[in-house]
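Participant: Sharing a structure with you now.
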């Protein structure tokens, strides 16, 4: 008809095209950061190059490990969404909880911001702008802290409040311990090195030692021999220890005491390692180092045993990968024996290497420690699948038992029918 208006149709690019375009931009950004960082490092003198690389690594590696943990948590949620595990019910989440896509969006922004700040730090310092370089990690930490603590309804306020409330319940276990409480506290034990490096970084920022040589003195307040290092490392294990004691107070189950004993075995590993800087070398080699090795073996094997015996249910180890819709991942992982052996073997090996990152006298090998800390986060990511599934199975079994107990038996129904009058 003449005069009729034709509705305009918005032309949108396909999701696949957008994903490819974002991947290309991400790759170009990564190459630019690597190129600028490499050129900046090469401009430094050979004597100071390794020292300032170590310093830059100290400020930014804990945030990179946090980003890795967030990425992997998104993968956990994606797998739970594909399977029959109702993780929202396990964690008592609201209907507005973050999906795996929103988790990955947060991880993407953190992955972009942290290396960009690190590149700016190296570039500005190598070009003589020391004060501007020193401000980069300070600004980054301040911005992230303000976002985390912001009371305004932005940046997923309800999820941030849920996280901060759970952290508060972990630090002060004055109430009954719920599954989210000790689940997050267990994750914190895998990130104890992250907390230690964050403490070292904040110490240098507060004492204005960023981009200076003041912290090179190992015995200084922010040096590598500080007693604050083992204290921060031990906090996550103390939190879990007191949670177990609180659980025993509420339930009177002796397994809670054995679980508390498991976390207490990490304390000698941490403090015996820190003694290297406070005793004579002969005492360390002849007495304290053998004790440190023995305590490391005890802690690793005890933790491995507890994972297999208590935290996981090996009879249903791979049911988590039975997706509701057909998937290549189901064919690859569900019901496969190699998954069973991989989980057991990798968990044992990484439990043994895990004590390396708890040892303050080994932290100067920062690349090795970073690698081991990353592997520990991967081990924890793997642990999450089976721990959450085990909890979900316990919840469903309890519900089925309650339903069956509420239903009248056959004999009761016959008795009831015989009492009726016609």
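Note that Cβ sites are derived from N, Cα and C of the backbone, with glycine treated the same way.
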Participant: Please find, within the list 291-308, 309-326, 327-344, 345-362, the residue stretch that TrEMBL describes as transmembrane segment.
Facilitator: 291-308
Participant: Are there residues at least six beyond either end of the transmembrane segment (21-38) with Cβ under 8 Å to its Cβ atoms? List them, or say none.
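Facilitator: Result: 13, 112, 115-116, 118-119, 122-123.
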Participant: Cβ under 8 Å, sequence separation of at least 6 from the ends of the transmembrane segment (102-126): give me the contacting residues as numbers and ranges.
Facilitator: 26, 29-30, 33, 36-37, 39-41, 43-44, 52, 56, 59-60, 63-64, 66-67, 70-71, 73-74, 77, 132-133, 136-137, 139-140, 156, 211
